Amino acid sequence: MLCEKSIGQRCRQARREHCALANLAKGRILIPLPNTGAMGRKRNNFYMRSIFILALLLFGLLQYHSFNYLDSRDTMLGEAVTNDSVDAILSMVPATLHKYLTPHSRNQSSGSALLLNASAAALAGAGLNSATTISFGIYRPPNITEIRRQIVKYNEMQMVLNEDTFGPLQNDSVIIVIQVHTRISYLRHLIVSLAQARDISKSLLVFSHDYYDDDINDLVQQIDFCKVLQIFYPYSIQTHPNEYPGVDPNDCPRNIKKEQAIISSCNNALYPDLYGHYREAKFTQTKHHWWWKANRVFNELEVTRFHTGPVLFLEEDHYVAEDFLYLLAMMQQRTQDLCPQCNILSLGTYLKTFNYYTYHSKVEAMPWISSKHNMGFAFNRTTWMSIRRCARHFCSYDDYNWDWSLQHVSQQCLQRKLHAMIVKGPRVFHIGECGVHHKNKNCESNQVISKVQHVLRIARKSHQLFPRSLVMAVPSLMKKSKLRKGNGGWGDLLVVLQPAAIPICPINLTASIAVVFK
């Protein structure tokens with residue numbers, strides 16, 4: 001076998017040599033051609049494209065993980081479990097502001113005095129020296145007559161607290177109107193957040209109350225970081241418990257049939273709401289109060305009735321970021337070039353998670369939507385005057401919500417519709433666990449407050465507050481806002497038909513606020 005292989009190899013070699021000699025004899029010499037590089041270039045291009053695609057994929061992957069990490073930090077509000085104990089919340093608040101979070105109930109003070117006096121008496125009975133007996137009267141809440149007197153006094157005096165310290169209201173200053181009911185625990189946290197805001201000393205806080213409470217009054221009058229004014233809605237359920245606009249004994253029951261209501265001749269029998277129900281005072285009061293306070297601020301108060309700057313509307317269960325005034329001023333300055341058609345500036349949105357890394361300096365523009373843009377929004381006198389001219393639409397719309405009624409005004413009456421510039425990273429938060437529309441099992445929970453504090457702390461540490469500029473985000477596709485049927489629950493057509501007799505909505509602006517108490 002080996003011999004056969006060896007012979008074959010020698011034969012092939014001999015044939016090659018023979019061919020080479022034959023070519024040489026014919027004058028042909030085989031010269032190897034140089035490599036033109038075509039294949040090499042194709043190979044190199046393939047490698048470069050592969051490397052570029054891999055690098056692009058790697059960059060995208062890194063960016064995704066980076067945004068995902070930052071988003072996860074910002075979404076702490078909706079996902080993280082925070083320590084919502086009172087001590088933990090206090091630790092997030094400067095010590096100088098703890099006074100606003102510490103209850104000083106008059107009943108507690110009276111109770112402490114009684115305990116001290118009882119201890120002193122016990123010591124005296126035992127033959128021991130006792131301290132001087134402390135004389136404290138037991139606190140008794142004012143009766144309705146006294147409350148009415150106090151409301152008239154406050155509304156007539158129009159006293160601006162701390163004006164001697166911070167000076168008179170300037171025309172370009174922000175007026176912050178806060179609608180207050182009875183939830184003092186939330187109001188405490190709102191005041192603490194306001195106290196930490198930059199330039200708050202230039203603003204005027206107007207607290208509009210529909211419930212007279214000495215503890216709430218003490219808390220408001222304790223504010224020392226800006227000018228403060230209190231106004232009191234004079235047509236409340238508290239001051240009219242057994243008559244309109246409270247609960248009149250002759251009011252039609254909510255679920256009575258119209259035919260039965262007419263037979264019984266109960267109040268407003270001819271005017272049930274869209275769904276056949278009759279008014280409930282506890283729901284209608286909020287809408288009455290909102291309309292009254294807006295008229296009061298823009299048209300009646302001496303300190304504000306000629307003001308042309310922005311008026312910002314808040315409620316007792318809101319919480320503000322420390323740069324909310326800074327951002328509001330920046331939005332106001334950029335309205336002409338970013339959104340000339342915008343006549344409302346909105347600082348709050350109802351989001352469960354917040355991405356400050358991406359949206360801290362971004363705003364968007366869209367038609368004002370009551371369910372999305374009713375928290376922490378501002379407008380000026382020009383916008384208000386156009387709304388006020390549509391009072392009949394506001395007051396006759398069968399919906400107990402003031403914000404739905406305002407959107408109805410925009411859709412049905414205003415020539416220039418309400419159009420809002422909205423911050424993508426909110427500066428006003430909703431911390432209320434319980435209210436007209438929400439009832440949780442634990443209304444005293446501090447969980448939402450604690451989470452908001454943590455979100456703002458992260459935003460502060462990562463320098464996501466106080467942006468240097470604003471960027472208009474690409475508007476998302478929105479369906480055209482349809483005309484909506486009201487939620488009912490209003491049934492106050494008596495007010496529209498007889499405004500002179502009941503000057504609430506539309507309010508008789510020239511009438512004395514004390515007329516209802518005569």
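For all residues, glycine too, the Cβ spot is worked out from N, Cα and C.
Per TrEMBL, CYS413 makes its disulfide bond with CYS390 among CYS342, CYS390, CYS443. CYS339 (disulfide bond) and HIS430 (Mn(2+) binding site) are 26 Å apart (CA-CA, integer value). Here the C-alpha separation of HIS289 (substrate binding site) and ASP317 (Mn(2+) binding site) works out to 16 Å. When the C-alpha distances from GLN285 (substrate binding site) to the recorded positions CYS266, ASP317, CYS342, CYS390, CYS413 are tabulated, the minimum falls on ASP317. In space, ASP317 is the closest of the recorded positions CYS266, ASP317, CYS339, CYS413 to GLN179 (substrate binding site), judged by Cα positions.
Comparing C-alpha positions, CYS413 (disulfide bond) sits nearest to LYS287 among the binding-site residues ARG183, LYS287, ASP317. Cβ neighbours of HIS181 (substrate binding site) (same chain, under 8 Å, six or more residues apart in sequence): HIS209, ASP210, TYR211, GLU316. Cα separation, ASP317 (Mn(2+) binding site) to CYS252 (disulfide bond), rounded: 32 Å.
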